[in-house]
């Protein structure tokens, strides 16, 4: 192996570690809902400049928020089985490097949104960053078992950001998209917390199963799933969406409710794991249904 090829491999490996700091699998779902918000905001095509700069800008700031989350929690991550392989606990990147990286990509993302999208989107995205990386990660997460419920507001913002990127305003329909993700967040994360309870207990994180027990958490998964099922019908009831969406969401909700019932009545870690994975697919499919219905409304 030549010196140049070795240097290239090392550089590529370093880039991959910084990329991992952005939690690409999580961010991809966030950005997907933001892009769908862009398309839902207009009856026709999204202006190409808004689509490109809005998507890239939101992606960069979301990646910076994820990197700050990794930075704040890296000592906890080193203890938890699910997260001990992340770059910071493994020593693949340093704390100063992570801080520099997140400031760089976050700052450039905000600059891009301000200059080439609109100031409203930039300020909303900055507020979302602060809500997730500071208010949720630093303050709420180690303080209260309701961290997911309260902090879920920041996680529900991406479709609103996408909407604002194209229209320069926030409409009632955009807030409906926010409400869907806000209602989705508790059953999604509590399913994870149930089968990862031991990990959270190790680090003293007050997740709901740790502070209130499994039965209480399972009940709340069911209750919030019912709320979600009601909320997700609202786009049809408000005539934002039509029958394609309604048919799709009723099927998706029925499956989600099935998992919630199983978690409540016949809990196993495997069921909770399956429910968590389904909840990710659920959100992606629901927003896909919104998009398809938007252009083929009847």
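Every residue gets a Cβ built from N, Cα and C, even glycine.
Not measured: the values here are computed from a predicted model.
Residues annotated as transmembrane segment in Swiss-Prot: 26-46, 52-72, 93-113, 120-140, 148-168, 174-194, 219-239, 241-261, 278-298.
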Proximity verdict for the transmembrane segment (174-194) and the transmembrane segment (26-46), three or more C-beta pairs under 8 Å: yes
For the transmembrane segment (219-239), sequence-distant contacts whose Cβ falls under 8 Å of one of its Cβ atoms, 6 or more beyond its ends: 172-173, 176, 179-180, 183-184, 186-187, 190-191, 194, 208, 245-246, 249-250, 252-253, 256-257, 259-261, 263-264, 275, 286, 290
Seg_contact(the transmembrane segment (52-72), the transmembrane segment (278-298)) with at least 3 CB pairs under 8 angstroms, min sep 6: no
Sequence-remote partners of the transmembrane segment (120-140) [C-beta within less than 8 Å, at least six residues beyond its ends]: 54, 57-58, 61, 64-65, 68-69, 72-73, 106, 109-110, 113-114, 146-147, 150-151, 153-155, 157-158, 160-161, 164-165, 168-170
Range from 26-46, 93-113, 148-168 with most C-beta pairs under 8 A to the transmembrane segment (278-298): 26-46
Residues of the parent chain within Cβ reach of the transmembrane segment (26-46), under 8 Å, 6 or more residues beyond its termini: 54-55, 58-59, 62-63, 66, 155, 158-163, 165-167, 171, 173-174, 177, 181, 280, 283-284, 287-288, 290-291, 294
